[in-house]
Amino acid sequence: MAEQRAEPLRLGSIAPNFDAETTNGPINFHEFIGDNWVVLFSHPEDYTPVCTTELGAFAKLEPEFTKRGVKLIGLSANTIDSHAGWIKDIDEISGSKLSFPIIGDKDRKVAYLYDMLDYQDTTNVDSKGIAFTIRSVFIIDPKKTIRLILSYPASTGRNTAEVLRVVDSLQTGDKHRVTTPINWVPGDDVIVHPSVKNEEAKTLFPDFKIVKPYLRFTPLPKEKTSAA
């Protein structure tokens with residue numbers, strides 16, 4: 001299986017394009033992205049316990065992603081007919097109304113393209129010995145650039161609030177020329193980007209503070225972040 005893998009994707013890579021069937025109809029991925037941000041996330045298989053809780057959580061949080069101009073799209077290594085039945089369970093269990101598309105990737109075409117596979121765990125395979133997808137997350141910007149890659153083991157559910165927090169960090173940073181410190185949430189102080197010199201910072205961020213020459217904090221109210 002390893003020799004079939006595409007070149008590893010890295011932050012800054014252009015998200016590979018593909019055509020696929022989804023629960024909302026066929027898509028071309030780059031056309032689906034359009035001028036939006038996208039969160040693409042994968043699942044090992046339908047009707048699995050951890051995935052069921054994750055998809056319900058993403059569905060409940062989808063309005064917050066939508067407010068930020070972010071589309072959600074899932075992937076699972078089963079057919080879209082299987083997905084349709086699974087979605088009914090997800091909505092029943094979580095009280096959600098899942099509406100974003102889920103890619104049918106039974107042959108692992110997209111999983112291999114995005115390297116959503118566990119190289120080591122030979123037990124994570126289906127009855128035919130084909131590797132299941134791991135829990136990968138990709139945040140992709142409107143330029144089709146990959147801005148975040150996360151990989152979780154099959155046993156560990158993701159934190160949807162953290163995915164949303166990273167979206168806020170990326171969008172806010174792009175707009176205001178700032179970076180965000182450890183555990184930042186919208187409304188906390190941010191860091192002036194190293195490319196902004198002090199003279200320019202005085203204009204952009206009148207209240208910025210120099211802690212060290214390489215570390216400058218400035219207030220940024222939540223109203224000025226993408227969370228608003």
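Backbone N, Cα and C atoms are what each Cβ position is placed from, and that goes for glycine too.
Over in TrEMBL, the protein carries these features:
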type	residues	note
ACT_SITE	Cys51	active site, cysteine sulfenic acid (-SOH) intermediate
DOMAIN	9-172	domain 'Thioredoxin'
Measure the Cβ-based neighbour count of Cys51 (active site, cysteine sulfenic acid (-SOH) intermediate), defined as the other Cβ atoms within 10 Å of its Cβ.
23
The predicted model's mean pLDDT over the domain 'Thioredoxin' (9-172) is 90
